[in-house]
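Per TrEMBL, these features apply:
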DOMAIN    112-405  domain 'NADH:quinone oxidoreductase/Mrp antiporter transmembrane'
TRANSMEM  25-42  transmembrane segment
TRANSMEM  62-79  transmembrane segment
TRANSMEM  91-109  transmembrane segment
TRANSMEM  115-133  transmembrane segment
TRANSMEM  145-169  transmembrane segment
TRANSMEM  189-208  transmembrane segment
TRANSMEM  229-249  transmembrane segment
TRANSMEM  261-282  transmembrane segment
TRANSMEM  289-308  transmembrane segment
TRANSMEM  314-337  transmembrane segment
TRANSMEM  395-414  transmembrane segment
TRANSMEM  435-459  transmembrane segment
């Protein structure tokens with residue numbers, strides 16, 4: 001709870017600091033704020049507390065996912081350095097929006113009442129609509145913001161309708177009480193039908209928020225149009241918050257009705273894996289490839305919801321962090337390349353291994369991790385997901401499908417690596433430059449990815 005209060009206050013401070021003529025203090029100040037919140041958050045470990053009449057509960061689950069989201073933001077924010085360099089007049093508001101959005105994200109992983117879940121999603125979503133359209137000079141950015149806002153608003157209404165139906169059937173918004181009511185409803189009667197329709201509608205609404213197929217249609221265009229640094233945030237923190245909220249809701253409130261909603265979730269997982277991996281293969285733009293990749297990773301993350309055993313909670317936590325670190329590195333370097341070479345296509349990465357070995361190595365490790373190659377965090381992320389699901393014999397076929405499609409993913413991830421090391425630099429391409437600060441962040445991100453690929457127990461045993 002202290003983290004929510006601090007982030008709200010720090011966001012307001014950023015708004016006022018943004019009025020200063022020089023904006024250079026904003027980035028280090030925001031990083032300091034995030035570091036403070038990260039440390040304060042850890043103090044709540046093993047100290048479960050409830051607030052607002054048990055509407056919010058800060059437990060180890062909330063602390064772990066809050067830590068991942070705050071750390072991801074901390075690692076991503078240095079790539080916004082160009083805003084500071086050009087003294088952008090709106091940077092104070094943008095940094096404030098990031099901190100405010102984290103408030104919503106934390107509420108999404110610490111709610112104990114579906115109204116608080118809804119409020120958290122709205123706080124996060126509204127900030128993201130603005131960030132998506134923050135590049136006023138780009139029509140693509142304006143288009144992305146409009147698409148994101150219109151479709152996001154519609155699916156927010158859809159999800160709210162589902163929440164109301166669940167409330168109508170159970171008489172409560174509290175997820176613990178909903179679980180008890182779900183068991184009492186049994187399998188027949190009008191209330192049970194209303195309850196199950198509500199659950200399915202909520203699944204549809206949250207699936208949109210995490211870009212799971214077939215509700216992914218906004219993802220490629222919105223990711224492509226949104227400024228790349230904010231796309232990194234959208235792909236990591238927003239997805240982590242959405243999946244963590246989804247997992248908590250299905251586990252704590254709807255586990256008793258698992259047989260009824262399981263087929264729907266299986267269909268969403270399979271479609272996400274198919275659409276994400278096959279769609280990424282045909283892309284020529286790295287940014288759109290990462291957008292489709294994000295859809296497939298939503299599928300892998302949702303596989304943990306089909307397990308619900310002692311391994312699944314650790315699996316979703318580990319996979320979320322592994323995916324976040326790799327995505328931040330990939331989007332961060334893509335941001336530098338696109339800004340200096342004016343292209344997001346694979347060809348823009350040609351020869352990067354020779355002209356800037358550090359950036360190339362960071363991207364290589366990120367691609368290997370996203371592809372699930374051994375000695376990276378991404379490998380153990382997939383391993384833990386499959387290990388959790390293998391406990392359910394009925395889902396063995398899904399593991400086989402996921403492994404086959406993961407092999408397809410290796411193809412499009414390696415296209416970037418091949419471009420960097422085997423293709424010559426175009427004559428009109430100047431070497432990609434990066435600051436020492438960004439280089440340090442990339443080294444930290446890469447080290448974390450490799451470290452968790454060698455010693456996964458550092459994180460896997462947290463929950």
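Each residue, glycine too, has its Cβ placed from N, Cα and C.
Bear in mind that TrEMBL entries carry predicted annotations, made automatically and left uncurated.
Counting Cβ pairs under 8 Å that are 6 or more residues apart, the transmembrane segment (261-282) and the transmembrane segment (289-308) reach 3 or more and are in contact. A contact between the transmembrane segment (91-109) and the transmembrane segment (395-414) is absent, since fewer than 3 of their C-beta pairs, 6 or more residues apart, lie under 8 Å. Same-chain residues lying 6 or more positions outside the transmembrane segment (435-459) and placing a CB less than 8 Å from one of its CB atoms are 75, 78-79, 81, 317-318, 321-322, 325-326, 328-329, 332-333, 336, 358-359, 361-362, 365-366, 369, 374-380, 384.
Taking Cβ pairs closer than 8 Å, the transmembrane segment (395-414) reaches residues 266, 269-270, 273-274, 277-278, 280-281, 283, 289, 293, 296, 299-300, 303, 306-307, 367-368, 370-373, 382, 386, 389 in its own chain, all 6 or more past its ends.
Non-local neighbours of the transmembrane segment (145-169) in the same chain are 114-115, 118, 121-122, 125, 128-130, 132-133, 178, 181, 185, 191-192, 194-195, 197-206, 208-209, 215, 217-218, 221-222, 225-226; each lies 6+ residues outside the stretch with a CB under 8 Å from one of its CB atoms. The transmembrane segment (314-337) makes contact with the transmembrane segment (229-249): 3 or more of their CB pairs lie within 8 A, with pairs spaced 6 or more apart in sequence.
Long-range neighbours of the transmembrane segment (289-308) within the same chain, counting only residues 6 or more positions beyond its ends whose Cβ lies under 8 Å from a Cβ of the stretch, are 207, 210-213, 216, 219-220, 223-224, 231, 235, 239, 243, 246-247, 250-251, 255, 258, 262, 265-266, 268-273, 275-277, 279-280, 283, 315-316, 319-320, 323, 327, 330-331, 334, 370, 381-382, 385-386, 388-389, 391-392, 395, 398, 402, 405, 409, 412-413, 415.
With a threshold of 8 Å between CB atoms, the same-chain residues lying at least 6 positions outside the transmembrane segment (115-133) that come near it are 52, 55-56, 94, 97-98, 100-101, 103-108, 141-142, 144-146, 148-149, 152, 156, 159-160, 163, 173, 209, 222, 225-227, 230, 233-234, 238, 241-242, 245, 249. Beyond the transmembrane segment (229-249), the same-chain residues lying 6 or more positions past its ends with a Cβ under 8 Å from any Cβ of the stretch are 61, 65, 68-69, 72-73, 76, 79-80, 98, 101-102, 104-105, 108-109, 111, 114, 117, 120-121, 124, 128, 131-132, 134, 175, 202, 206, 209-211, 222-223, 287, 290-291, 294, 297-298, 301-302, 304-305, 312-313, 316, 320, 323-324, 327-328, 331-332, 335.
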